[in-house]
């Protein structure tokens, strides 16, 4: 068993779209920078909704980030940059888009004394768990579960409703579709719909 270095910690921020996950990630990283810890953010290259080079929350909050591909090489790049540049704190946005190897990589970084904060969706638009987030949740030292507000009734929303031409996307739609308010809404369990066709 590897010894746990002081300061190593794996934290996961999760919930549906529009719950404030990216905002919370940026706030936590900024807090560590204020505490004089060397910190960096990473984002998947697939997420270019608002910026090519920044992590950007739906509310407009933004922070410069390393952009890495959602491949095994991208996961290795996260480790290399973190260790070679001496980062004490790293944040990874939209972690659900990375391959499963990111789970072990982030766990190893935490074991080496890095404070790792991963932010990502827990469920896809059908209500099924994202495998990467699911695995990170069982390994996390701390879990921050955020809810949004249902766009139909105003109750706490725990689901991400995918829309196509303003209507719920059918079950056979592709799982990955990077988008914002034009493609998704936050919904409660009662108002989350996934038609078969």
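A Cβ is built for glycine as well, from the same backbone N, Cα and C atoms used for every other residue.
Per Swiss-Prot, ATP binding site is recorded for 15, 16, 17, 18, 19, 20, 21, 22, 93, 94, 95, 96, and the stated evidence type is sequence analysis. As annotated by Swiss-Prot, active site, proton acceptor applies to 94, with the evidence given as sequence analysis. Look at Swiss-Prot and you will find 150, 153, 188, 191 tagged as Zn(2+) binding site.
Looking at 19, 95, 150, 153, 188, the binding-site residues in this record, the fewest other C-beta atoms within 10 angstroms of the C-beta turn up around 153. Distance between Cα atoms for residue 94 (active site, proton acceptor) and residue 19 (ATP binding site): 13 Å, as a whole number. Within 8 Å of the centroid defined by the CB atoms of 150, 153, 188, 191, the record's Zn(2+) site, lie the Cβ atoms of 151, 152, 154, 155, 157, 187, 189, 190, 192, excluding the listed residues themselves. Taking the Cα atom of each, residue 21 (ATP binding site) and residue 150 (Zn(2+) binding site) are about 16 angstrom apart.
The secondary structure of residue 15 (ATP binding site), as reduced to three states from DSSP, is extended strand. Recorded residues residue 191 (Zn(2+) binding site) and residue 17 (ATP binding site) have their alpha carbons 15 Å apart, per Cα-Cα distance. Counted over every protein chain shown, other Cβ atoms within 10 Å are most numerous around 93 among the recorded positions 93, 94.
Residue 153 (Zn(2+) binding site) sits 29 Å from residue 95 (ATP binding site), taking the CA atoms of both as reference points. Fewest Cβ neighbours within 10 Å among the binding-site residues 21, 191: this applies to 191. Here residue 15 (ATP binding site) comes close to 21, 121, 122, 145, 146, 147, 148, 158: these same-chain residues lie at least six apart in sequence, with C-beta atoms under 8 angstroms from its C-beta.
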